[in-house]
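Enquirer: One structure, as structure tokens, below. Some questions next.
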Amino acid sequence: MTGPNVPNDLPKPTRAQILIFMGITAIVLLAVAKFWQALGRVPLLPVIINPQGIGLGLGAAAAITLASGMAYRIWPAYQRSASEYLELYVQPLAWPDLLWLGLLPGMSEELLFRGVMIPAFGSGIWAIAVSSLVFGILHVSGWPYLAWATAIGIVLGVLAVATGNLLVPIVAHIAANIASGCIWKLGHRMET
């Protein structure tokens, strides 16, 4: 999920503000993707709905979620950065809102970063690298989270290019966001 780095002295956003922010961000990313696609005559990476794409996306989400959990345990700087990010965006949300946390960023970000940006830059290693770095920058919450989001962008980009199916990173992104939100909420519910 994209978002600004909010200093500690500012008031935390409310549930409504986060949901509105996610909705507006999704619309803006969709508009940018469609404008770029039309302006540059960029072919959209296809979305092929099939069991293999869904399964591969879910498997990638599980691997991403496990890797994030391991990084959270062994990398203190990432733990602080991820905790700040998740506390800011997930804490105010109700459990059903976690579906929006998955769907809105998962679909809009994948459309722009993997569906349009990678084909626009030629679908090679540099296209994956550039789209992943921009993806990471938009997720900045300290350098460790930027590094993590960039690495995840690379994984999602490789999946998109290797399969030729935008469904795979979409499913992976949606499922990983929902899983991360659920794990964070469960962990913090048990602490209180």
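One-based numbering along the chain as shown.
A Cβ is built for glycine as well, from the same backbone N, Cα and C atoms used for every other residue.
All annotation found in TrEMBL is predicted automatically rather than curated by experts.
So TrEMBL lists the following for this protein:
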TRANSMEM  16-33  transmembrane segment
TRANSMEM  54-75  transmembrane segment
DOMAIN    94-178  domain 'CAAX prenyl protease 2/Lysostaphin resistance protein A-like'
TRANSMEM  111-138  transmembrane segment
TRANSMEM  145-164  transmembrane segment
TRANSMEM  170-187  transmembrane segment
Enquirer: With a Cβ cut-off under 8 Å, give me the same-chain residues at least six positions beyond the ends of the transmembrane segment (111-138) that come close to it.
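Expert: For the transmembrane segment (111-138), the nonlocal Cβ contacts are 2-3, 29-30, 32-33, 36-37, 40, 42-45, 47, 146-154, 156-158, 160-161, 166, 169.
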Enquirer: Could you pull out which residues elsewhere in the chain have a CB under 8 Å from any CB of the transmembrane segment (16-33), counting only those six or more residues past its ends?
Expert: 1-3, 89, 92-93, 97, 100-101, 104-105, 107-109, 111-112, 115-116
Enquirer: When the domain 'CAAX prenyl protease 2/Lysostaphin resistance protein A-like' (94-178) is classified with DSSP, how many of its residues are helical, how many are strand and how many are coil?
Expert: 71 helix, 0 strand, 14 coil
Enquirer: Below 8 angstroms Cβ to Cβ, which residues of this chain, lying six or more residues outside the transmembrane segment (54-75), approach it?
Expert: 82, 144, 148, 152, 155-156, 159, 163, 167-176, 179-180, 183
